[in-house]
């Protein structure tokens, strides 16, 4: 190993080049900090290279395939076939394009990018190892944004999320264990593309209306939904999963098993114990509202901190911490992070469900607007609904839940509604374009008062609960 002769002086060092890391680097550079970004593998992190982006490429392909069924109603006549190898090429091309774009942005913002594995040598110094080279850097401030990873199993046929979306051939059969957004999205995407999918899951943590609709969609899309307790997993030529429910044992086999497990933060290899940074039992780093650890010049953001392991949170925290480190007045309000599932059709859930509203002691109203009563959705052959929950006393919007095309694009509107503490009248006031799915949100709010235009009175029974 070749050790650098001198410790190099740096201003702001950011560990990790994923959504949290590169976003913090760019924002801090915009605000005048001199930034060094250290990445172990590829800029963009697991999200861009092996997670968010490749999974959404597969989901997009599944969406397009389902859209071809609607196209026959529009007068098109064809019989599409699917070549998974071409999808793999498209996936890799998309990843390269986005990664190259982020690299160019780092260069344009005068961010120094260093490749290698970093660990703390002292509370103001890190070492970076790349092959036989080892360099040390002294910093004024450091941001830990090293992200997280899925647990890797010993058997090559038992896949984690990253491995699932690196497949180069479409599996004939696939067993999935899990009830989170990754498992649901994978089940629907691979089934739509031609894989026979068995999903082993128990309770889905959604509002009851979404849960009921999701189970209906599994049946419609011919996804085998199995409930019960997994008691054994055997990986031989095929992977066999044993499930027990009410004393009855069943087995399910496939060439591959995708087991969606909680992600593990990348913190244990950083040497944080050497410098006294506090770690929680799960390996995450407790921080204050600005992302500061128990050491004043050491910050952490994204998946390495407590909270949902999603890029949405990582990006928000990156901007907040970079602004704080640059002397700006950063907003420390905890935002509403929507649960987003790129299912078929997509799902968005944000704020309180009926159960959590009850647990919080709210008296509340609920209303549900069916998207088949919305012109834009009907034109495009879609379906689904928007459900809203409001406080029966204050009219404050408490929760919004949607399944249907356009849900992901409306998620930002839903989040703003809750973050602005909007009441029913605030959502009813703006003029929405016609025809558009935005109108469906307005009508869902109006249905709380029994005043939706495109629903009959019998479907607008206002449910007041406490």
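Every residue, even glycine, has its Cβ placed from backbone N, Cα and C.
All TrEMBL annotations are machine predictions without curation.
Summarising the annotation, TrEMBL assigns active site, proton acceptor to 434. For residue 434 (active site, proton acceptor), applying a Cβ distance below 8 Å and a minimum sequence separation of six or more within one chain yields 375. Residue 434 (active site, proton acceptor) carries neither a helix nor a strand DSSP state and counts as coil.
Summarising the annotation, TrEMBL assigns FAD binding site to 56, 146, 147, 148, 303. Classification of residue 148 (FAD binding site) by DSSP places it within a strand. Neighbour count (other Cβ atoms within 10 Å of the Cβ, all protein chains): 22 for residue 148 (FAD binding site).
Summarising the annotation, TrEMBL assigns NAD(+) binding site to 178, 179, 180, 181, 182, 183, 184, 185. Under the three-state DSSP scheme, residue 181 (NAD(+) binding site) falls in the helix class. The Cβ of residue 181 (NAD(+) binding site) has 20 neighbouring Cβ atoms from other residues within 10 Å, across all protein chains displayed.
According to TrEMBL, the feature disulfide bond maps to 47-52. Neighbours of residue 47 (disulfide bond), defined as other CB atoms within 10 A of its CB across all chains, total 23.
Residues annotated as domain 'FAD/NAD(P)-binding' in TrEMBL: 11-318.
The domain 'Pyridine nucleotide-disulphide oxidoreductase dimerisation' annotation in TrEMBL covers 338-444. Model confidence over the domain 'Pyridine nucleotide-disulphide oxidoreductase dimerisation' (338-444) is summarised by a mean pLDDT of 94.
Checking the recorded positions (52, 56, 147, 303) against residue 185 (NAD(+) binding site) with a 10 Å Cα-Cα cut-off leaves 56. Candidate recorded positions: 47, 180, 182. Nearest to residue 147 (FAD binding site) by Cα distance: 47. Taking the centroid of the Cβ atoms of 178, 179, 180, 181, 182, 183, 184, 185 as the NAD(+) site, the other same-chain residues with Cβ within 8 Å of it are 176, 186, 187, 201, 260, 341. Cα spacing between residue 184 (NAD(+) binding site) and residue 56 (FAD binding site): 13 Å, rounded to the nearest whole number. The two recorded residues, residue 178 (NAD(+) binding site) and residue 303 (FAD binding site), have Cα atoms 20 Å apart. When the Cα of residue 182 (NAD(+) binding site) is compared against those of the recorded positions 47, 146, 303, the shortest separation belongs to 47. Helix, strand and coil residue tallies for the domain 'Pyridine nucleotide-disulphide oxidoreductase dimerisation' (338-444), in that order: 39 helix, 31 strand, 37 coil [DSSP]. Looking only at other Cβ atoms within 10 Å, the busiest spot among the binding-site residues 147, 178 turns out to be 147.
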